[in-house]
Amino acid sequence: MSTATTEIEPQATTSRPASIGERPDDLELMGITSVVSREAGERDPLLLRDKLISDAHLEEIRQRKKGGGKLADFYETQNSRINDLLKPLHTLSQEAEQDATDNALKVKLAVNISFGCNIVLAIVQLYAAISSGSLALFASCVDAVDPFANLILWAAHRASDKAEEKKWPVRGSRFETSDLPQYIVYGSIMGGVNVILIVMSIQEFVTHKGDDLQKFHLPSIISVCVAFAVKFSLFLYCMAIRKASSQVQVLWEDHRNDLLTNGFGILTAAGGAKLAWWIDPMGATVIAICIITVWTRTVYEQFTFLAGIAAPTEFINLVTYKALTFSEHITSVDTVRVYHSGPNYFVEVDIVLPPDMLLWKAHDIAQDLQDQIERLKQVDRCFVHVDHEVDHKPEHRKNV
C-alpha cells in the first residue's frame, strides 16, 4: 500500500468549447482536444523536470573509472521514470492500447508455435532418452518436453479472448492465473518424476561396478541438438516480445530453462559415454534438482498473483503521481492501492475534492480518472473513491 497526501494550489481552469452547453466542465462530454488541453503534461508541481540528467552529463558519469557505469545506469532509469511521470495520462493509456494492438498477433504466434513445436519435440526427445538410456537425457526430457504446460497456456489464451463480459465481469485476464490448480498438479507431477530420477541416479552410483563407459548413441545426441536449436529460436522470439504479455513471459522463461537443461543434458550424456560413467547420473541429479527448484518458484509466484500481492513500487508511484496531477480540482490523494488480481492489477485511488463541488462535476473527474487508469498497461480494474477530507479512517475497515 502506498499513501500520499499532498496539497496543491488550484490553477486557472482552461476554457471549454461553447458547444458543450450548460455543463462546460463535464469531462464525459468533452472532446479529446479539451482533455489534452486540460492534462497536457505541463503541470509539474514537484519540479521533477529539474531532476532530469542531461545526456552529456550521463556520458561524463559513464566515463568515470570507478562505478561510473552503474551510476549512469541508475540515472538513466531515473530519467525514464520521471519522463513516464510527466507524460499525460491519456498518452500513457494510448501507448498501452497501441502496444496491445501491435503485439496481439505476435503473442498469438508465440503461444501457438510454442505449443506445436513442443508436441513435436516431445516425440523427438522421448526417442532420444529411450534409445540412449541416458539418465541425463531423461532428466532434460522431463523438463523440455512439456506440451501439457503449453496446453494450459494455449487454453487460457483462447478462453481469455472469448470471455463474455456478462458472465465474466472482469473479462478474461484472470484465466491466465486461474489455472493455478493445474500448475500445482503439473508441478507436483514434475517434482515426483524428478525425485524418481534422483533415486535412479543414486542407485546408479551405488550399484555401478567398474569403470565401463556407457554406449555413445549419436542419433540421440543429434535429436537433442535439434531440439536445442528449435528451443533457441523460440527463446529469441519470445525474448523480443516477453513484455507484451504475461503468457509470453512464461513461455520465454520455459524456453530458457529448456535450453539450460538440454545443453547440460547433452554435455553430461556425452561425457558419460566418452569420459567417465558417473558424469551421466551426476548430470541427471543436477538437472532434476534444478527442475524441482524452478517449478517450486513458479507455483509460488502464481500463488502470490492470485492472492493479491502488491504491484512494484515504481508502478504505485506512477499511479499516485498521475492521480495527484490529473486535475487542478484534486487537492490531495489520500490513499493508493495497486495489487495483483491474476497477472494484471487492480487499482484503488482515494482522491480529495473541494467539499462544495457539485456532484456531477466530482463524478466526472473521478470517472475520467478511472477510465484513463484502466487503459494503462496491466491494469484490469480501477476504483476511484471521492472524499472531501483526509481525517477519516481508512476504507474497508475489515482489512485494517
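Every residue, even glycine, has its Cβ placed from backbone N, Cα and C.
Computed from a predicted structure; not experimentally measured.
Sequence annotations record features per position, and here TrEMBL assigns compositional bias 'Polar residues' to 1-17.
Among the features that TrEMBL reports, domain 'Cation efflux protein transmembrane' is placed at 113-304.
The predicted model assigns the domain 'Cation efflux protein cytoplasmic' (322-388) a mean pLDDT of 90. Per TrEMBL, domain 'Cation efflux protein cytoplasmic' is recorded for 322-388.
Summarising the annotation, TrEMBL assigns region 'Disordered' to 1-25.
For 109-130 (among others), the entry in TrEMBL reads transmembrane segment.
Taken from TrEMBL, the feature transmembrane segment applies to 136-156 (among others).
Taken from TrEMBL, the feature transmembrane segment applies to 183-206 (among others).
Counting same-chain residues at least six beyond the ends of the transmembrane segment (218-238), those with a Cβ under 8 angstroms from any Cβ of the stretch are 110, 113-114, 117, 121, 124-125, 127-129, 131-132, 134, 137, 140, 144, 248, 251-252, 255-256, 258-259, 262-263, 265-266, 269-270. Annotation comment: TrEMBL describes 218-238 (among others) as transmembrane segment.
Residues 134-136, 138-140, 142-143, 180, 183-184, 187, 190-191, 194-195, 197-198, 200-202, 253, 257, 260-261, 264-265, 267-269, 271-272 of the same chain lie 6+ residues outside the transmembrane segment (283-300) yet bring a C-beta within less than 8 angstroms of a C-beta in it. Taken from TrEMBL, the feature transmembrane segment covers 283-300 (among others).
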